[in-house]
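Features of the protein shown, as given by Swiss-Prot:
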BINDING   Glu115, Arg116, Asp169  S-adenosyl-L-methionine binding site
Amino acid sequence: MKIYLKFKSYNKRICKLLQLFKLEHDQNCSMGLLINHNSLELYNRENVNQKPIKVDFTSKKNHYRCHHFRRKNEVLYRVSGIKNSYFPTVLDATAGLGNDAFIFSFLGCKVIMIERHPIVAALLKDGLQRGYQDKKIGHWLQTRLHLIVNDSLKMLEIPILQPDVIYLDPMYPFYHKKSLPKKDMQFFRQLIGHNYDSKKLLEVSRKLAKNRIIVKRPYYAKPLSEDKVNHIVTTRNHRFDIYQPF
């Protein structure tokens, strides 16, 4: 895939990632990858004032969320099915920037992220490599959070253990201005586009998961399936629809 490559600093590790995911320089691309001293960032060449995007599992936001964790306040704990010493294996079939996958792993679950877009996969891999080396979280992140680069619709063909839980957070259109995400995330959505195969992805997930499929939706959106939703957990802005496997 072609994208504008800007080298602010030479980094051998990141250069290997560019080669691994076959990312080539395109002078005319409106999106760019910034190679920093120790991180890979996606940025908008048409708006240099817009904050670049990178995967950072050691961010202040993640640190705060983990440090202030309370079972009743963490919705991913409530929907995951964690009980006592039971920590389900989770397959995040719509990894994105890995935010929710990281929280599942922090909670004690072994998590596999699947991402098909090569640029997003490169950002995730960069974030994982840096996270694995972190003194505070690296020791458990290495054993709990991993990435598979593939199409989630082909998950039945991937030689992986059958997960207890499959988590879906598909892209959805926004119908009014108040529901728009931050500008940097709007830019990220331009890169990966909307998921028009979300319903099919749910069907495939229900054939693979052992215990449950969790679908994250905006509060105003219709369920992905016409089948019965077995359980619903709501927050201020989102709804988590839980389905049983076939």
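Glycine too: its Cβ is placed from the backbone N, Cα and C atoms.
Looking only at other Cβ atoms within 10 Å, the busiest spot among the binding-site residues Glu115, Asp169 turns out to be Glu115.
The Cβ of Arg116 (S-adenosyl-L-methionine binding site) lies under 8 Å from the Cβ of Val149, Asn150, Asp151, Ser152, each on the same chain and at least six residues away in sequence.
Apart from Glu115, Arg116, Asp169, the S-adenosyl-L-methionine site neighbourhood in this chain, defined by C-beta within 8 angstroms of the site C-beta centre, holds Asp92, Ala93, Thr94, Ala95, Gly96, Met113, Ile114, His117, Val120, Ser152, Ile192.
Residue annotation for S-adenosyl-L-methionine gives Glu115, Arg116, Asp169. The furthest Cα pair among them is separated by 14 Å.
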